[in-house]
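Chemist: This is the structure I want to talk about, given as structure tokens.
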């Protein structure tokens, strides 16, 4: 066996050292990469046009791997390694103690927990309460199409549990998501309370509509009587990373979710009265201030915390002021008023039609007019309420689509079900025995919006003002489509339904 002399070992070691030294020198000589991204400067008090952007350097550090450095050929562990303590990353509490602090102090104190984007961004905030958990932060990039990494492909904000919004709110949960954006459950470190934070989609159309919603909410907030109006209370609004954000009080489940939890059993008549009364109070308040909600449906009526009979209306994302109607295609189809379908000029009365649909649905356990498409919606109206007047048809921009020259309806629905004009009635469709309720609904479902009952008039209707309702009048169509439960046992819903049966209905 060939023996390697000591000089050869030393030479090999020196050569290895040169190679490694050269490699180390090469690694250290590499310049730090720069991010080509753009950072928007945003004014949180207003909603200005997109400001000029500035580049932000990437502060990622190049680490040197010391494991490849030349070592003597020995089995002994160097004493320096034995005595060297293990280094661990110190946890930084993201909650600012005794806050708020200024952005300059925040950068000095929390620089290790802020990424390159945040170091530049934080200057725009006057008060810092919370910097977000490091592991929950979004890594920014240079792709402006994805809002520098903060948006997904659909321009929704990439909300992460534990991250911050505006260095004040901590994201705790996602409450809901839709075409408008997301609603987050957040903890407000300034007020030490939980809030609902709506963060709107980052598109030009949604930003424009978001500004309208903010304007409407601010207008309603400033009006006398808002606290008793049954309209959700807006707490704050601002822009964060190109997204309009609106914070509001936290409420309970919406009516659809509540109905789903009850397996679509009907609400009790006392619940329907109380909830209906609150909805009308909200509509009266906004209509008195020339605001049209434009999207009344069970999902936009939320129970107040700890209550099964009191509600508030939410989501003014589709709302408009009277005389400033912008959109022709509006309202969810099951709750859409005939004037919208016919292309007529609409107003506050459209919300009353939707209100009537919600009232009926609470007692039916399903939508009253669940048409396959708009033509079937019209056919369902014709079946229940007969023909509208010729004068109303003549005003319609879609007259030739729904009616011929002799005012006879043209069937265009893809639904296979055949219906006759006036072939049914509201009482026959609902099987409601409550005459006061049927009268109220009939006044809500007038073809002509000018003749439709107003919110104020509906609040004074005998259905709400009468002191009692006979138990026999609470029976609904549910009785004929459900399995009978034990006659001696009430199967009450989670929210107090007094119906003795269990519905098998499933819809949507």
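Cβ coordinates are placed from backbone N, Cα and C, and glycine is handled just like the others.
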Chemist: Would you please say which range out of 463-485, 486-508 has the annotation region 'Disordered' in TrEMBL?
Modeler: 486-508
Chemist: Would you mind pulling the DSSP three-state label for residue 198 (ATP binding site)?
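Modeler: DSSP assigns residue 198 (ATP binding site) to strand.
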Chemist: Taking the Cβ of residue 198 (ATP binding site) as the centre, how many other Cβ atoms fall within a 10 Å radius?
Modeler: 25
